[in-house]
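**Student:** To start, I am sharing the structure in question, which I have written as structure tokens.
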Amino acid sequence: MGPLWFCCLPLALLPLLAAVEETLMDSTTATAELGWMVHPPSGWEEVSGYDENMNTIRTYQVCNVFESSQNNWLRTKYIRRRGAHRIHVEMKFSVRDCSSIPNVPGSCKETFNLYYYESDFDSATKTFPNWMENPWMKVDTIAADESFSQVDLGGRVMKINTEVRSFGPVSKNGFYLAFQDYGGCMSLIAVRVFYRKCPRVIQNGAVFQETLSGAESTSLVAARGTCISNAEEVDVPIKLYCNGDGEWLVPIGRCMCRPGYESVENGTVCRGCPSGTFKASQGDEGCVHCPINSRTTSEGATNCVCRNGYYRADADPVDMPCTTIPSAPQAVISSVNETSLMLEWTPPRDSGGREDLVYNIICKSCGSGRGACTRCGDNVQFAPRQLGLTEPRIYISDLLAHTQYTFEIQAVNGVTDQSPFSPQFASVNITTNQAAPSAVSIMHQVSRTVDSITLSWSQPDQPNGVILDYELQYYEKNLSELNSTAVKSPTNTVTVQNLKAGTIYVFQVRARTVAGYGRYSGKMYFQTMTEAEYQTSVQEKLPLIIGSSAAGLVFLIAVVVIIIVCNRRRGFERADSEYTDKLQHYTSGHSTYRGPPPGLGVRLFVMTPGMKIYIDPFTYEDPNEAVREFAKEIDISCVKIEQVIGAGEFGEVCSGHLKLPGKREIFVAIKTLKSGYTEKQRRDFLSEASIMGQFDHPNVIHLEGVVTKSSPVMIITEFMENGSLDSFLRQNDGQFTVIQLVGMLRGIAAGMKYLADMNYVHRDLAARNILVNSNLVCKVSDFGLSRFLEDDTSDPTYTSALGGKIPIRWTAPEAIQYRKFTSASDVWSYGIVMWEVMSYGERPYWDMTNQDVINAIEQDYRLPPPMDCPNALHQLMLDCWQKDRNHRPKFGQIVNTLDKMIRNPNSLKAMAPLSSGVNLPLLDRTIPDYTSFNTVDEWLDAIKMSQYKESFASAGFTTFDIVSQMTVEDILRVGVTLAGHQKKILNSIQVMRAQMNQIQSVEV
């Protein structure tokens, strides 16, 4: 059973190292008499003897076996315990076999007793402590394993017994030992008193100092270890337990060598990794050699540094070899098909030693081949994608016809971003062929009768050559497309005759070049008039015809009179009576009739062939009639309000859903009229719906309908996900290309052209009143709001002027001074909107007061170009800001100009200089003088980059001298990742540097 128990003992309980014994008293070291106390004197006797090595020692012996009732005591001198809790006593003795003694009485013994007595000082006397078991504490009865006889004595054979006993706990400063004989014949040869402790040891990477054993034989004393040099604890705090026999047991926790150090000398030393090796993590494993293309520069390395020209990606493990960028792709093959292209190539000769090779395609348009190439626009399509291609092929479409392109095929891998060099690439030059035009994007109804419809459409976005003609296909909605009829037109306007009255027709149009027909446009639905509608229209036009004739006659007479007056008063300036005109006049190249139709109040009619004319709802005697005529009434049960997204002049603005019977549910914006309104407020609120309901254009906000028959009164419009243009631009500062910004401006101009063609004057055109949807389509909104602003409004944007509030910063000078609002004054406002867009929502005229703005405009000062604004766009702004309104461009001309810029992106490459060569002086607030600021924080506030204050400060860029030396790498390091923000800060730093040089030259 014993051997089996030993084999099954848990390894954790096996002793780690032999105990250390500290001797408190050893009788064998005495060179003179021991002088121990005996009682009675006739008992124990001190004599000199020899040990097993024949060394002279002092011993005690007793042999009173022939006398009965023996009680012989032997007491040691006072022994100090020196902090020990458990005492061990080793006794060497010999005992005479009682049976070998002739005639010995039965009281003969072969054992003796061991006692101890504790005391804080040496207090024993001849009589104290009493010679009895109490107060003495008995340790054990000691019996001999071997005893000697008369024969042994004759042969001088010594049979010495060695016994060890322990006792504890002891707590006083010292103790005495006593040996009691009660009738034996024995010799106490040697007594050694000692205690045990666990030795100093290095175990599990930690040093454990000497530790005293516990008071009991089963005690475990916990000892806290200290990690060896360059090691750290893992898991739980490291401990060892010292048992009662002075042996270490039960190790808990461990220390392991830190990264950069390995365990040597049986785990007792953590040595730094030699040069050329490294260790990345904590543990017992050894250092390993550096991966390929890497090295270390010192001992104790945790990773190996890549050699020049080699890199390690952020996600690469430290034991991965350093790699490099790939070489260029090879054997590029291109296949052009009209305006599409297939590119194929073979992988690079050298992948850089990596497997994450991908390809990027850089497209550059070189026009006719002369001049610098520019990046392709967003219209070019790449399949499967432009960046991160895993296969060596790509299909590119929607290229411009007759255009030279350069395509760079970049080979990149996981370390390309780490390299300071540009990716290696293979380039190919191609020229596209002639191609059919793209689809027509939008079609408008110009006019209609009972049997005809006149339609107009815009030129395709990509004509790809000269448009020869258009083909219009149409058919009744309730019939199949197989029943369609085609009509050709050399222009973008056509009148379709011989249609059925009151019938809905489906129309599609496509353009043709020498390369053939393009795709048909999307289906558009238009309806002819019913007979009843036609009769009503004729009756309404009769007064207009009469009025037009009369107006024509008056016009001829006026021309004659003017000629006579001019001839008589040549050289004198004629007073301009326009400024006394307080009404909004709608003028065009056709006659105007201002007489009221029967049953209605005064309305303004302007006739332009094929174009709807805006009717002012305030000319109705009953404005509610205008709401009924132009706005669709919606049942409140179809509207679901979800959340409030803002507040307007008349109430809250909410988002929600509209579900009309038979139609899909759509997301809408809902304006509500606050409770407690007056009748005038209700009329003014609904007037905007009466205005919006007359408009139908992709760049004008669309009215879904109104709710007037229940409370609250609502205006429901399409929902624009990105909100107002000014805040949208500020939130996305620097995120769009110039072409994208011009596209936004083109949409706004197209919407304003539509409104101007209808003879509607907006009066409050500003970026805050332009809404943007999820596709970045901009739409004009907020109709008639400025018309109803009261004098007590608190909005600082609007300032009192001549009977109302005017947004000074956006308003033309004649409108400010004389309240003269026309489409020409809207053009001035459009120029300000252009400036807002190109500056990403910056406030026009910055922090100038409204009066300062008025004074500056009167002195012919104009806004300077925003940062990175093309010269062509700033020149168009200046054209819009001509003082003479007759010299400003029409919205149609603006649309054509922007279309040309979009078709020819090279025209947008020339940036406007800070001091333009135009005749008008420019306000200079583009980049402030750094000397006007006390701190870098103030400078960042001034250039509207305050979000980077903490980044500049934490990176140490706290003085202008340091900031002026910043590079692109420094700007990236402080966390400026947006390209627009980088340009703005770099431009400001360049000006700061120039200003510093100028100051230094003046000081010299």
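Every residue gets a Cβ built from N, Cα and C, even glycine.
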**Student:** Could you let me know which of Asn483, Asn722 shows up in Swiss-Prot as N-linked glycosylation site?
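**Tutor:** Annotated as N-linked glycosylation site in Swiss-Prot: Asn483.
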**Student:** Look at the disulfide annotations in Swiss-Prot and name the partner of Cys185 from this list: Cys8, Cys63, Cys322.
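**Tutor:** In Swiss-Prot, Cys185 forms its recorded disulfide with Cys63.
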**Student:** So Cys108 is in a disulfide according to Swiss-Prot. Which of these is its partner: Cys98, Cys198?
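**Tutor:** As annotated by Swiss-Prot, the paired cysteine is Cys98.
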**Student:** Can you tell me how many other Cβ atoms are located within 10 Å of the Cβ belonging to Gly651 (ATP binding site)?
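**Tutor:** Other Cβ atoms within 10 Å of Gly651 (ATP binding site): 20.
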**Student:** Ranking the recorded positions Cys185, Ala647, Val653 by other Cβ atoms within 10 Å, which is at the bottom?
**Tutor:** Ala647
**Student:** Just how many other Cβ atoms lie inside 10 Å of the Cβ on Cys108 (disulfide bond)?
**Tutor:** 20
**Student:** Reported as an integer number of Å, what is the Cα distance between Cys185 (disulfide bond) and Ala647 (ATP binding site)?
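**Tutor:** Cα-Cα, rounded: 117 Å.
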**Student:** From the recorded positions Cys63, Cys108, Gly651, pick the residue whose C-alpha lies nearest to the C-alpha of Asn483 (N-linked glycosylation site).
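**Tutor:** Checking each of Cys63, Cys108, Gly651 against Asn483 (N-linked glycosylation site), the shortest Cα distance is to Gly651.
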**Student:** Pick out which of the glycosylation sites Asn429, Asn478, Asn483 has the most other Cβ atoms within 10 Å of its own Cβ.
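**Tutor:** The residue with the densest Cβ neighbourhood is Asn429.
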**Student:** Fewest other C-beta atoms within 10 angstroms of its own C-beta: which of the recorded positions Cys98, Ile645, Asp764 fits that?
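**Tutor:** Sparsest of the recorded positions Cys98, Ile645, Asp764 by Cβ contacts within 10 Å: Ile645.
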**Student:** Taking only the Cα atoms, work out how far Ile645 (ATP binding site) lies from Cys108 (disulfide bond), in Å, as a whole number.
**Tutor:** 113
